[in-house]
Amino acid sequence: MKRPILIHPDPRLKKVCAPVEEITGDLRKLAGDMLETMYDAPGIGLAAPQVGVLSRLIVLDCVKGENETPRPLVMINPEVVASSDETSTYEEGCLSIPDQYADVTRPAEVEVRWTDPDGAEHREGFDGLWATCVQHEIDHLNGRLFIDYLGAMRRQMITRRMVKLKREKARA
Ligand SMILES: [Zn+2]
């Protein structure tokens, strides 16, 4: 089941999310719904607060080619345990900030630890788009958006556009 995606500005997108204490059927259902919502958007990552759930849960799949096998990842309580000094810059966007893009510089490689929906622990290194995406999604769990990396003027301009977009949507 698809879930509505919150649009910035929204106080729920600025909250530090709580750790998942127990993997329940509801949590697995939420993860499935989030993947469906992400693929439908379409997007390459989605964090639980973006659908209004303030828990440390993200989903992502950065496989892009049509002939490549998808790799949906569900990460519960994900944590960056190491980052490279080397950085990379990608033009980022966000399903909660539609049609707005900006260059963001982040560590080029990160090692992430997380729990999967079966309760198994994982630890894996990511680079390229995967590294950017996983850091962007984990940021969401700490109430941080990609526009928080931009200058105040740019951030306010994007925020004003989103306020206008929400007003238009509410009227429609
Ligand atoms: Zn985002």
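Cβ coordinates are placed from backbone N, Cα and C, and glycine is handled just like the others.
Curation does not apply to TrEMBL; its annotations are automatic.
Feature annotations, reproduced from TrEMBL:
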BINDING   Cys94, His136, His140  Fe cation binding site
ACT_SITE  Glu137  active site
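Each of Gly45, Ala47, Gln50, Glu92, Leu95, Ser96, Glu137, Asp139, Leu145, Phe146 belongs to the same chain as Cys94, His136, His140, is absent from that list, and has a C-beta within 8 angstroms of the C-beta centroid marking the Fe cation site.
Other C-beta atoms found within 10 angstroms of the C-beta of the residue listed as 'active site' number 23, with every protein chain shown included. Shown in sequence order, Gly45, Glu92, Cys94, Val104, Phe146 are the residues of the chain, 6+ apart in sequence, with a C-beta less than 8 angstroms from the C-beta of His136 (Fe cation binding site). Around His140 (Fe cation binding site), the same-chain residues six or more apart in sequence whose CB sits under 8 Å from its CB are Leu13, Cys17, Ala47, Pro49, Gln50, Ile58, listed in sequence order. Over all protein chains present, the Cβ of Cys94 (Fe cation binding site) has 26 other Cβ atoms lying within 10 Å.
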